[in-house]
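Since the structure comes first, as structure tokens, the remarks are kept for the end.
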């Protein structure tokens, strides 16, 4: 009886393919923490690591009594045991599935689990496949994060088991699925209609939206009425959104989409809502070197130019005044509805130091401050409120030329001046230093009437004439032709530096601060006076003689 049973067992083994790598069916007879015991009808039961029976979530996929396919690793491993592998059996099954899918052009399910040069790796039931980057979608996809880790459908486009080479395409699946849907969409699509779609890709200039077999471009300028730096501020890959068809080129199958067009245009009649001079609050959305943008309502931004940020510092960087996100008060300066531009002012909502100065200072008032800078045309003095006043070169000294007088001053010096003029609108304050003292020129002219004989000292002379110092800070000019009664063509022949000169004050040019002198006119006047004196004396003598003769005649002498 025993011999016949052993004989029958040996014969049954012959019927089983026992070469290494063969696939046999077994029954799960026991499950332990680390191993699963499988009876495949061989000489002994085999212990297979439990890990080989777990799914991706780490859960056992079998229970006692289940039939499973396993691969023969070895019939006897030297200890009389048979080694089986569930992992190799699953891999064998996976290849069979792939071959069938490849031959029948069916889809397979897999997961994108890595990135390699030129594409991605996909796990297909334990088989590693290659997905070229160009076959991920019908359009180039830069970011695949929204696809990784998800179960997706693929088509096998190349299969070589010997070389363990599998190439798949997701694009082929999408094109196949979209074909019927695409035809229907293209037939019904019209400009102006609202459609739903899935954001599938973002670029710097917009987003591509899958409308169902047809991709449309949602340009960045059509995402929102407000300023958008990058599409990711408005939409993300995978978002389902409603958009409006703006343009549809049926022949080239190009669709332009709009998101902002779903709402009303906030720029319509904006000038009526915000007349020039209106003060309102807004949020700083962006900073540039030339200013900052402030959103005054949803979809409407205005520019505060750097020159409109601060009353006193025209070149201050915007980041020193405001930060992105700040809520600020601004004034509407100008609106160009056609160009969709609004000019806003920040400083106009603060006290104007120029206006304040104009209201608190009059012409002639004395002010003091530190010299902030010295330029080719004058001295800038710092005043209250952070503003500057200018002392022009011509207002530094009565007596010394501005270019020379300015050398007596340096940056940081405390200096006093007189207010000459205030133009708050043009933000200009004119100051004078020389006006702190009386004008010697005007004083001299007031004390000396035209025609008076004056004296002075020659300080400079050339052929054309001589400069004569009449008083401290007051000079007159004596032309060569006026230097003598005699004809003089070269003043140096009759005058020298240091000579005391007595001349007639013949004229004044207040604008150019020039006094005209004449020795000739003085001499002529002297001569005329002398003649008049002589004539007067002669007349007196004649009169006296005549009276004497008459007296004698009366006496009868």
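Just so you know, glycine gets a Cβ as well, placed from its N, Cα and C.
Feature annotations, courtesy of Swiss-Prot:
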- 21-87: domain 'S1 motif 1' (DOMAIN)
- 105-171: domain 'S1 motif 2' (DOMAIN)
- 192-260: domain 'S1 motif 3' (DOMAIN)
- 277-347: domain 'S1 motif 4' (DOMAIN)
- 451-520: domain 'S1 motif 6' (DOMAIN)
- 229: N6-acetyllysine (MOD_RES)
- 279: N6-acetyllysine (MOD_RES)
- 363: N6-acetyllysine (MOD_RES)
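Recorded features from Swiss-Prot, shown on the structure.
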| residue | record | Cβ contacts under 8 Å, 6 or more apart |
| --- | --- | --- |
| 229 | N6-acetyllysine | 286 |
| 279 | N6-acetyllysine | 329, 330, 331, 332, 348, 349 |
| 363 | N6-acetyllysine | 419, 420, 421, 422 |
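If you take every residue in the domain 'S1 motif 1' (21-87) and average the pLDDT, you get 78. Per DSSP, the domain 'S1 motif 2' (105-171) is made up of 4 helix, 37 strand, 26 coil. Residue 229 (N6-acetyllysine) falls within neither a helix nor a strand when secondary structure is assigned with DSSP, and so counts as coil. Per-class residue totals from DSSP over the domain 'S1 motif 1' (21-87), listed helix then strand then coil: 6 helix, 31 strand, 30 coil. Classification of residue 279 (N6-acetyllysine) by DSSP places it within a strand. The residues of the domain 'S1 motif 6' (451-520), classed with DSSP into helix (H, G, I), strand (E, B) and coil, number 8 helix, 38 strand, 24 coil.
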